[in-house]
């Protein structure tokens, strides 16, 4: 639906922002969920004082990261939009900046509060937060972020005609709040280290997601492939959900045996074989198999929902479903294998996987998912599976 709004039609760089900002839930909320799940599981949130300290520090930290990454994502969208087309509009650039920063800030605030509630509730009910918090962060993250981005960008686009000063004011307001969040996060021992060292994965992940956004922009802008828009958040959301659960579980499993960097039999440094990742009797291998088996039923539910709601522009033929499922299975297979290697590799190099692995994994999920989906649509077009209703 949103791809037909004026702001998406006339400022197509907003498409580049979509995976980058949806990826923020992987960079920030899912990392927050994984960090707090580990803290809850190892007893660092048992007293009210400890709980309050973890909440205030982590909320301030994700507001700093959201504002900075939102600003950088808008710059990436402007550059990626300008390079292929060769034209630059300062009004559109400021619109992208204001939309991106406002969306990132508000979405992180809302999702952060939901995450804290879910983790505290999970602990009280005796449920492992690792299994619950990251999927909720991912799914609600997609919905809330996309709704905010479309609503804010549409509103600011309308203001361009009569009140051009609104966009720069929005940018300035959210950037002016940065020092307050930095001071709060800096005073908290639980988040001070992440405030200094946690930027590399978040920024690199944003850049990887922006490349996925460029693929989406180029593909959806072609009327023959307009149907791809409805499937992109689904394939990326499912892949990101499943790999985040696995990364969070492996990280908690390693934290149970000591601190990052400590030599342990549970943290091999070498690259694992696919057999050990998927077919061993190890607890993490079993969870990888379960997560992989969830792909087909999960996507069938989504495809049925899209079809019954008459969403998008693509008729669900048998050949389309085969190509789509192949892309989805391949995406999750690659991600689960990379997660097994990456979490152990980071642990062996004294990096906390809760802070570093999920941004990379969800960003790779966005890039691989969007790339495989675009490839599927192109192959389907070449072999003649062309819908009469594509682009309607």
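Our numbering is plain: 1 for the first residue shown, then up by one each step along the chain.
Backbone N, Cα and C atoms are what each Cβ position is placed from, and that goes for glycine too.
Owing to the predicted nature of the structure, the values given are computational and were not obtained by experimental measurement.
For the domain 'SLC41A/MgtE integral membrane' (18-152), DSSP puts the residue distribution at 121 helix, 0 strand, 14 coil. Annotated domain 'SLC41A/MgtE integral membrane' per TrEMBL: 18-152 (among others), in sequence order.
TrEMBL lists 232-375 (among others) with the feature domain 'SLC41A/MgtE integral membrane'.
TrEMBL lists 59-81 (among others) with the feature transmembrane segment. For the transmembrane segment (59-81), the list of distant contacts is 12-14, 16-17, 20-21, 24, 27-29, 32, 88, 92-93, 96-97, 99-105, 107-109, 112-113, 116, 171, 174-175, 177-178, 181-182, 184-185, 188, 191, 194-195, 198-199, 202-203, 206-207, 210-211, 213-214, 217: same-chain residues at least six beyond its ends, Cβ to Cβ under 8 Å.
Through the fold, the transmembrane segment (93-120) approaches residues 11, 13-14, 17, 20-21, 24-25, 28-29, 32-33, 36-37, 40, 45, 51, 55, 58-59, 62-63, 65-67, 69-71, 73-75, 77-78, 129, 132-133, 136-137, 140-141, 144-145, 148-149, 152-153, 156-157, 160, 166-168, 170-171, 174-175, 177 of its own chain, all at least 6 residues removed from its boundaries and within a Cβ separation under 8 Å. Annotated transmembrane segment per TrEMBL: 93-120 (among others), in sequence order.
If you look up TrEMBL, you'll see 132-152 (among others) marked as transmembrane segment.
Positions annotated as transmembrane segment by TrEMBL: 164-184 (among others).
What TrEMBL records for 196-216 (among others) is transmembrane segment.
What TrEMBL lists as transmembrane segment is 288-306 (among others).
If one looks beyond the transmembrane segment (318-338) by at least 6 residues along the same chain, the residues whose Cβ comes under 8 Å of a Cβ in the stretch are 231, 235, 238-239, 242-243, 246, 272, 274, 277-278, 288, 291-292, 295-296, 299, 303, 361, 364-365, 368-369, 372-373, 375-376, 379-380, 383, 385. Residues annotated as transmembrane segment in TrEMBL: 318-338 (among others).
Marked as transmembrane segment by TrEMBL: 358-383 (among others).
Here the transmembrane segment (132-152) has long-range neighbours at 2, 5, 7-8, 14, 17-18, 21-22, 24-26, 29-30, 32-34, 36-37, 98-100, 102-103, 106-107, 110-111, 114-115, 118-119, 122, 233, 237, 240-241, 244-245, 248, 358, 362, meaning same-chain residues at least 6 beyond its ends whose C-beta is under 8 angstroms from one of its own.
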